[in-house]
Amino acid sequence: MDALQSRRTEAISIAVAVVAIGAGTAYYLYITRKPKPCLDPENFKEFKLVKRTQLSHNVAKFRFELPTPDSVLGLPIGQHMSCRGKDSVGEDVVKPYTPTTLDSDVGYFELVIKMYPQGRMSHHFRELQEGDYLAVKGPKGRFKYQPNQVKTFGMLAGGTGITPMFQVARAIMENPKDKTNVSLIYANVTFEDILLKVRLSFSLSFSHHIMFVSLSEGACLVCTISGFSFCRKS
């Protein structure tokens, strides 16, 4: 009887040990396989430009490669990062930018940049070619968006200020559990100057409201779930 009880105790001990080892292994694999953020809030890190796409005469999309195909940038929704470059006289310049990609885009991140004639950082991006590197530090900012933290998110943007709005709007659109409504008014000098209007129109208009405003042409394009409407000031 004592021998039987001893064998049962031994079997239970072995089973507990196996479960503990299995749980430990699973936790270790989770920790090791979970993508580590590439951004460093204290130090600039360099990322290689792998593709440059000219969108208009003064706007381009820059795709930067992360260390591995499974790497994520690690930028919380609602925050931005600092980019460092050289101006036309070779002096360092640092300016904040918001990527148009999310951490669901693994292996790379993208910036849509409008390059102004006298802009110091604009000069750096104008000269940046595929194979060059960009120094980045972050995350930066106080705001972090959380799904369903508000019922309706009202957005008002002008010029290149659309990129922070696009980041939040895209995160809302791609999360089926996020029921937040988005209302966006976006203005620029002309309709041609309006950045990301195609992606915004075909995404937000299906369940949200968006208005593009042309300041020089005195016109607006309203996109809603019911369709598109065009209005022009008389």
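Keep in mind that glycine also has a Cβ here, set from the backbone N, Cα and C atoms.
Copied over from TrEMBL, here are the features:
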TRANSMEM  12-30  transmembrane segment
DOMAIN    42-146  domain 'FAD-binding FR-type'
BINDING   Pro96, Tyr97, Val112, Lys114, Met121, Ser122, Thr163  FAD binding site
Cβ within 8 Å of the mean position of the Cβ atoms of Pro96, Tyr97, Val112, Lys114, Met121, Ser122, Thr163: remaining residues of the chain near FAD: Cys83, Lys95, Leu111, Ile113, Phe125, Thr160
Integer mean pLDDT for the domain 'FAD-binding FR-type' (42-146): 95
Fewest other Cβ within 10 angstroms of its own Cβ, chosen from the binding-site residues Pro96, Tyr97, Val112, Met121, Thr163: Pro96
Binding residues Pro96, Tyr97, Val112, Lys114, Met121, Ser122, Thr163 (FAD) - maximum C-alpha distance in whole Å: 17
